[in-house]
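Going by TrEMBL, these are the annotated features:
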DOMAIN    4-73  domain 'CSC1/OSCA1-like N-terminal transmembrane'
DOMAIN    94-243  domain 'CSC1/OSCA1-like cytosolic'
DOMAIN    255-522  domain 'CSC1/OSCA1-like 7TM region'
TRANSMEM  52-71  transmembrane segment
TRANSMEM  256-276  transmembrane segment
TRANSMEM  316-335  transmembrane segment
TRANSMEM  347-368  transmembrane segment
TRANSMEM  406-425  transmembrane segment
TRANSMEM  437-459  transmembrane segment
TRANSMEM  465-482  transmembrane segment
TRANSMEM  503-524  transmembrane segment
TRANSMEM  530-547  transmembrane segment
């Protein structure tokens, strides 16, 4: 809602001050086009005109209002986050610490023993228990094979009832024998002795209070900082089990590889983006593709091809990028699904900022422009300002395209409909349909909306005519995504607002870009005094961002001890403390894929009892 209020205020300011100043002014352009977008932008202002001080004043007003709203929302979201943590006091992650790089016990040569000895000694009164992580790839394979055999056995029994044939009875007996063997193997591999051999240097340590868990997570445990590395555990359903199995020493290489892959994808994607921008400029389109001159003979087609078509093509390209970045984030070794999505958000945002915004601004030869920026870095603000002013129409069309087509596709869920049709006619043909729900695609929605915020902020002073469209865009988006989160998407994990600091950072980058652009525009308009007077505004914005990092960010990264103690006192008052930490002691084993329990009730009725029970696990 703060974005709607911000752009609504900017729209009122633009309509009452900036638009009249921009339009009723003798431009220094060779030919003033009365019905062109340029007549309503800062491009229409004469060089050296004192009317530029109106834009300067609006820039300061908009910047301070944006900072005020950011501070207000940061504070409100922090309060909501702490309140949410109190309401979710039953969650296992509030009592649990993730411990990585667990050494071997010198006496028993096991890692679980080392965890128990260390925390029993150094956290004697607060340590409760631990749960080790196991290399369960073979177990996961057997569990998957068992489920597949059970499904086949059910189908064969159904066929036998319909046909009453002896051949089906033999096949059922064979399948039951295979299922019995696999079940026995699973019980054997899930025994305590076998699991001890598969221990990984990762453990979930449960404490008797949230306060002690928070203290253990935020302090160095071992004299060697590379051993017994602690942090608050993600909630069980948010854990990325496969990534936890990646050795700690390999993680830096994974992260470097992901950064390089994302950078290469961003660079090579410049080719289709540049081609799309060529369509937007009709003169270049005729030069590159001479048959395009034929569209001049069809009334209105030229406007569609150079106006709407580039934005639609660009939007189509952008649809696949978030999924590619999410795959790269998965390879980065994050310990939870939420952290993977946060990394994907960062990569997608900077990808969109580089390829959709900056590349769309570059005109002419891409290599020539980049070379010009590298040889004359001081001219970057003026180049950016000139490009921003020239591309106002394209970005207005982009916002309209994103609002009309993007939100429509979000409501229709066209991708899932196509997936279901393909599945029903290919590998899922003839199978019973099961309902499937997906979590909210933060990695796709947050960067896209943040890009729209960036475009709106940069053009708030340059082209205020764009702002009413952004107000409509965010109002429509609020309605659509509120409905989707309430009635369509499933909540697979709850981070208690950990995405907000990254959204705050994206908006901060947008404000800085708006101010740098205006410095360049004041320079181009021969108003150096206004350009110099804008520099303190940039410094104030940077200082404000550093203040937010100190004031708010730590409370999003850590579990505040004060909040932990308050929740503990409430639990002790209600007599629920022991119930909660005892439940936390087994929560992660219940969700660990390789420790899925196989009871005799799940097996066919004529199966014998398994060789080993699971009481020892």
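Positions of Cβ are set from backbone N, Cα and C atoms, glycine also.
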What same-chain residues lie close to the transmembrane segment (52-71): Cβ under 8 Å, and 6 or more beyond its ends? 2, 5-6, 9-10, 13-14, 17-18, 21, 42, 45, 457, 460-461, 504, 507-508, 511, 514-515, 518, 521-522, 525, 527, 530, 533-534, 537, 541, 544, 548
Output the single range from 256-276, 437-459, 465-482 maximising the number of Cβ pairs under 8 Å to the transmembrane segment (503-524). 437-459
So, by DSSP, how many helix, strand and coil residues make up the domain 'CSC1/OSCA1-like cytosolic' (94-243)? 84 helix, 27 strand, 39 coil
For the domain 'CSC1/OSCA1-like N-terminal transmembrane' (4-73), what are the DSSP-based totals of helix, strand and coil residues? 49 helix, 0 strand, 21 coil
Compare 406-425, 437-459, 465-482, 530-547 by their Cβ pairs under 8 Å to the transmembrane segment (316-335) and return the stretch that comes out on top. 437-459
Please tell me whether the transmembrane segment (465-482) and the transmembrane segment (256-276) touch - that is, whether there are at least 3 C-beta pairs under 8 Å between them, with each pair 6 or more apart in sequence. no
Which residues of the chain, 6 or more past the ends of the transmembrane segment (437-459), have a CB below 8 A from one of its CBs? 3, 7, 10, 62, 66, 318, 322-323, 325-326, 329, 341-342, 344-345, 348-349, 351-353, 356-357, 388, 392, 395, 398-399, 402, 406, 416, 466-467, 470, 473-474, 477, 481, 484-485, 489-493, 499, 502-503, 506-507, 509-511, 513-514, 517
